[in-house]
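K.L.:
Quick one: this structure, given as structure tokens, is what I'll be asking you about.
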Amino acid sequence: MSSLEISSSCFNQETKLPLSLPLVEGSTFEAPGKDMNEVEEKSKDIIKFTPEKLSVDEASQLVISPLCGAISLFVGTTRNNFEGKKVISLEYEAYLPMAENEIRKICSDIRQKWPVKHIAVFHRLGLVPVTEASVIIAVSSAHRAASLEAVSYAIDALKARVPIWKKEIYEESSSSWKRNKECFWATSD
């Protein structure tokens, strides 16, 4: 059983983003008086949705473990172009109860496939300017192969299964909602 820590973020009604409580699940080290080699550390999954700028350092720090020799990261950023159009920002919306639940399932899937220790999945909501991160996934493991494979699986599964919508906002004052081609409910064009 893990403890639950909730921090609050509110969204402006005008942007049609839902009121959400980003979820952070996890636990702490046991027996702080023991030698580091004797510490039994519980695995943790950290899931965060926020309108605030994402921090690679924060995600990385949350998955550090003395039991692990590898931390793998995926950082998805807003690029400045799409199909010849100049993109100035992206806007993300999510159905948070289902999104959080799907990410928990992805974390569980990862733990069944690879021997990983900690997993952090951060996703930004609202406007994300060019070059800023919209998603950060960090995974720690004893060896690099497990964390590298887990991070790759996590971003592919997130894009396919998690109800997050992206709107590209173009320089010429137009915009377009995009679906992920990996998304299982998307129809072929």
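From the backbone N, Cα and C atoms, a Cβ is placed for every residue, glycine too.
Residues or ranges marked as substrate binding site by TrEMBL: His143, Arg144, Lys159, Lys166, Lys167, Glu168.
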K.L.:
Just how many other Cβ atoms lie inside 10 Å of the Cβ on Lys159 (substrate binding site)?
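P.N.:
Within a 10 Å radius of the Cβ of Lys159 (substrate binding site) lie 17 other Cβ atoms.
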K.L.:
With the cut-off set at 10 Å between Cβ atoms, which of these binding-site residues ends up with the most neighbours? Options: His143, Arg144, Lys166, Lys167.
P.N.:
Lys166
K.L.:
If you measure every Cα to Cα distance among His143, Arg144, Lys159, Lys166, Lys167, Glu168, the residues said to bind substrate, what is the biggest one in Å?
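P.N.:
37 Å is the greatest Cα spacing among the residues binding substrate.
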